[in-house]
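Engineer: This is the structure, below, for whatever I ask next.
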Amino acid sequence: FGASLHMLKVEIGGDAQSTDGTEPSHMHYENDENYFRGYEWWLMKEAKKRNPKIKLIGLPWAFPGWIGKGENWPYDYPDVTAYYIVSWILGAKQYHDLDIDYIGIWNERAFSSKYIKLLRYTLDKRGLEQVRIIASDRLWEPISFVLLIDSELHGVVDVIGAHYPGTKTVQNALLTGKKLWSSEDYSTFNDEVGAGCWARILNQNYVNGNMTSTIAWNLVSSYYEELPFGRCGLMTAQEPWSGHYKVEAPIWITAHTTQFTQPGWSYLQVDGHLEGGGSFVALTDGLGNLTIIIETMTHNHSQCIRPRLPNFSVTPQRATFYLKGSFYMVETLQVWHSRLGFESGNSSLFQRLHPLKVWRGRFSLDLDVDEVYTLTTLKTGQKCVCQEPPPPQPFPSNYKDDFNIRNPPFSEAPNFADQTGVFEYFVNASDPGDHVFTLRQVVVQRPITWVSDADQTISIIGNFQWVNMTVTCDIYIEKQRDGGVFIAGRVDNGGIYVRRTKGVFFWVFADGTYRVTRDLAGKEILMKGLSGVRDNAWHTLTLNIQGNSASGLLNGYPLWENVTVSKPSNGWAALGTRSFEFAQFDNFHIE
């Protein structure tokens, strides 16, 4: 009754930044396996509850550092990488009863033919013959050319997946005879223009580029909006503290296709270009059912974030369709309609209209611009009438977490958004009592990264608009001599830009010194001195930022004060470590 998605593609967490945060790996270290970290297992199970037939795809963006044995490259030891990926697929089945249908290679990075063949061999050896391989989640080339010249590789790759293809494919891809997918697309702000983008590419990826699947990045915007690509999901749910969410227009555009087709249906090979601009596709289940989806999106109302969209024009038109062969017998078609309102500002989304009478295999339709029609023999379409979500609320201005939870539902604490490193609930069995349950940074070797992760670890929390704040946290440095941790306020960046993060950072180090810096990198020093902090002992840090002035307390006593801070003028709170090192945090409080 909603988006009715056919497939869900998830990241295989690699402990490294993958656009808006880091997702934990199932194997932080070589001798470590845990299939209960992060949110993707939960998400896949929730998807299966709603649609037991939904297809599942796994793809890594990054890998834990041990995979590369010190090199930032996953293919030097392809047997290790294949073992790691296949372990994830086996863990999905063993611990969650999830069957992974497709597996990818390395998101938007190089592929290795040797590795892909070894991956297929490893899958088959472990009884996973049904898992299909998609490559290479980048561009059409060089994967298409390599498939044409390497028959062994051609035999093991099932789908060519390209990213942001702009509805076009290339000759070599067609020559392979493989299924062609737009395996990542959309990535556009989810207003009416985003809905127009999505409507246009859902049709035209097939009409212009022969692609039979289009996958939106991302499913739902559940990350702080000021991170990169804020609100670039099909819907928005970015306030877990209030429960507020918004079903955006792209959801109902999705329904036009997904509610009236299924994986296994076939596209009819018709020229889907309309004379007045716009496009249509027709699909059948091979059992007599027919679904036609029409879109008439204009250029300025359907621009995706990438690639650049060449000019084209769409005008109101009357389109006449002719049904032949087995479809000649169709007498009525159900009609679902959306009109994206730009000037008027009010859209009409996924409305059921009167059924359309088909006379002797023909019917006509008057099409305006910026419309979507679904005409179908299926009578199963429905639009949910759900209760209103709770009203939006800003992040609480007084927030505490003592991490005292014996069996947490997730491995990570709520509302913290890890941007480099991974921060997990931890049980300190040896602690006398004050700090049995803590939050611990657990990535101790730089991962095989996808983008330029910071050299420090950091997790952000709160409201980006915050100006004045007091952050307090108990900290425990585990790394001797050169270990260190920080708490911070007015933190201005994250995601793919995490290396350039600025703010007010209060650091203490295992050698008994402290620093106040303007940046995560620790280069712009505002103040430094001796603190007496040591490793393997608990200390309480307090950072107070008011206007242009900041001060810091250690264990409740002033350590430094009246440090002038100008930019950035606002931002999140954060905590983290000096390097990829173990450290613990407890009794976090922000006001």
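Just so it is clear, glycine is given a Cβ too, placed from its N, Cα and C backbone atoms.
What TrEMBL lists as active site, proton donor/acceptor is E108. According to TrEMBL, the active site, nucleophile annotation covers E184. What TrEMBL records for 1-259 is domain 'Glycosyl hydrolase family 59 catalytic'. The annotation domain 'Glycosyl hydrolase family 59 central' is assigned in TrEMBL to 267-382. Taken from TrEMBL, the feature domain 'Glycosyl hydrolase family 59 C-terminal lectin' applies to 418-591.
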Engineer: What does DSSP give as the helix, strand and coil breakdown of the domain 'Glycosyl hydrolase family 59 central' (267-382)?
Structural biologist: 8 helix, 51 strand, 57 coil
Engineer: Using the structure shown, find which entry in E108, E184 (the active-site residues) has the sparsest Cβ neighbourhood within 10 Å.
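Structural biologist: Looking at the active-site residues E108, E184, the Cβ with the fewest others within 10 Å is that of E108.
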Engineer: Given the residue listed as 'active site, nucleophile' and the residue listed as 'active site, proton donor/acceptor', what distance in Å do their CA atoms have, once rounded to a whole number?
Structural biologist: 10
Engineer: Across the whole of the domain 'Glycosyl hydrolase family 59 catalytic' (1-259), what does the mean pLDDT come to? Round it, please.
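Structural biologist: Across the residues of the domain 'Glycosyl hydrolase family 59 catalytic' (1-259) the model's pLDDT averages 98 on the 0 to 100 scale.
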